[in-house]
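First up is the structure itself, then whatever we jot down about it.
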Amino acid sequence: MINYSSCSYLLKLCRTLKHLHQFHAQFITSGRISNDFKQNSVFANVLFAITSISPSASASKEVVSYATSVFRFITNPSTFCFNTIIRICTLHEPSSLSSKRFFVEMRRRSVPPDFHTFPFVFKACAAKKNGDLTLVKTLHCQALRFGLLSDLFTLNTLIRVYSLIAPIDSALQLFDENPQRDVVTYNVLIDGLVKAREIVRARELFDSMPLRDLVSWNSLISGYAQMNHCREAIKLFDEMVALGLKPDNVAIVSTLSACAQSGDWQKGKAIHDYTKRKRLFIDSFLATGLVDFYAKCGFIDTAMEIFELCSDKTLFTWNAMITGLAMHGNGELTVDYFRKMVSSGIKPDGVTFISVLVGCSHSGLVDEARNLFDQMRSLYDVNREMKHYGCMADLLGRAGLIEEAAEMIEQMPKDGGNREKLLAWSGLLGGCRIHGNIEIAEKAANRVKALSPEDGGVYKVMVEMYANAERWEEVVKVREIIDRDKKVKKNVGFSKVLS
């Protein structure tokens, strides 16, 4: 039998929604608590217990629905209760309007917000697609009115939100206006600057920090690597080690990525040796980075050895290995590792299929690619994207199946990006050149010209094909077009997409 004194202890043991339902049912049927204050207290504790449920542990809508029903049992909910329900909605349904509706209700009831109120409402505004900047600015004004921006957690959250959904200068202005900062404040803004590709300003802010932590170093090293500033990433990593700091796996993987991009395999191997000397634990994240590095630098056997030693392979680890095999033209091994991945219980994603299709293309495994492409939706529940159609079109074109390749491109999603369509039609044009299919080459050339009018390489290919077929009248017509169009004439020996 549940009594008031045992409620808090029992709620701490609840880790799933089912446990909370059982507690709730026992609490109601016991009928032992008639005091409204105690009843409100129990429901407030139930509400707080819901925050410990992982968003992945239960269906998000079910969690929010249950939390809302519990909240409605509370008479005159306090600031704590409103903060808790707002937090639950933000954690489980960040893109919904629930968090904001509860905040509006809170203000309508004249319940005063505190330091815990605004951060989760800010996050809910940022989680919505494209963000709700107008509402964020309104909430910003309210936080100022209540004097809550003096709280660093609130300030740091707002800086992060501005960096996500507004021009980065908004976050910088807020940073400059508030002299009260901690290392998290700097880290949040550095991360925002990196995401905005303002790497120079990120470095300036990093250099001005009175105190740095691992996150500070990781953010900048990762930013350099992402923007292909490989030397700067490697140099910063070396500086970090020279200062006696112990880099974690995030810094190591980012630097390995920079080594792979720059082809500096010796430095990458030295970093791998460093992990061995320091006896760092090679988790799936670091193993993925090492596999990716060695595969990109041409050491596919070493990549395979590291892959096999990894005991906790994730989707990303498998993708790194499969992509590496595809890059090296090992089509049969690519398919073999794909089968092993599926057998191990890992569900493939779109990246997996792009790599497998590329591997099949390099090895001429047409039937295997067809089967995998057909199974993407039916067997693996993976949506086909523009790149998948492009890979199939390239594979079919290489194999001389020009008509089928053209049909594949025609099936590409109508709302897809022009770049992917351009690459697909250009690849088909290249296949037509190899196999001498002028009829489809003309169709492909027209599509390429429509998507990239200044690409002179198209005309060069058509002149070559017409000349090989001794269709001299068409050769003359194409040359006349080249002579008339100055832009085409300028780029006739150059193509962005044709080899």
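Going from the start of the chain as shown, residues are counted 1 onward.
Cβ coordinates come from backbone N, Cα and C, glycine included.
The region 'Type E motif' annotation in Swiss-Prot covers 424-499. Residues or ranges marked as repeat 'PPR 1' in Swiss-Prot: 78-113. The repeat 'PPR 2' annotation in Swiss-Prot covers 114-150. As annotated by Swiss-Prot, repeat 'PPR 3' applies to 151-181. The feature repeat 'PPR 4' is assigned by Swiss-Prot to 182-212. Residues or ranges marked as repeat 'PPR 5' in Swiss-Prot: 213-247. Annotation comment: Swiss-Prot describes 248-282 as repeat 'PPR 6'. Residues or ranges marked as repeat 'PPR 7' by Swiss-Prot: 283-313. Annotated repeat 'PPR 8' per Swiss-Prot: 314-348, in sequence order. Annotation source Swiss-Prot lists repeat 'PPR 9' at 349-379. Summarising the annotation, Swiss-Prot assigns repeat 'PPR 10' to 385-419.
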Exercise. Counting only residues 6+ away from its ends, which parts of the chain sit with a Cβ under 8 Å from the repeat 'PPR 8' (314-348)?
Worked result: 284-285, 287-288, 291-292, 294-296, 298, 300, 303-304, 307, 355-356, 358-365, 368, 372, 380-382
Problem set entry | Rounded mean pLDDT for the residues that make up the repeat 'PPR 5' (213-247) | 96
Exercise. Hey, which bits of the same chain come close to the repeat 'PPR 10' (385-419), Cβ under 8 Å, at least six residues off its ends?
Worked result: 350, 353-354, 357-358, 360-361, 364, 366, 369-370, 373, 376, 425, 427-428, 430-432, 434-435, 437, 440, 443-444, 451
Seminar exercise, completed: Outside the repeat 'PPR 7' (283-313), at least 6 residues beyond either end, the same-chain residues with a Cβ under 8 Å of its Cβ set are 249-250, 252-253, 256-257, 259-261, 263, 265, 268, 272, 275, 320-321, 323-325, 327-328, 330, 344, 346
For this session: Using DSSP, tally how many residues of the repeat 'PPR 7' (283-313) sit in helix, strand and coil.
Result: 23 helix, 0 strand, 8 coil
Problem set entry | Helix, strand and coil counts within the region 'Type E motif' (424-499) (DSSP) | 56 helix, 0 strand, 20 coil
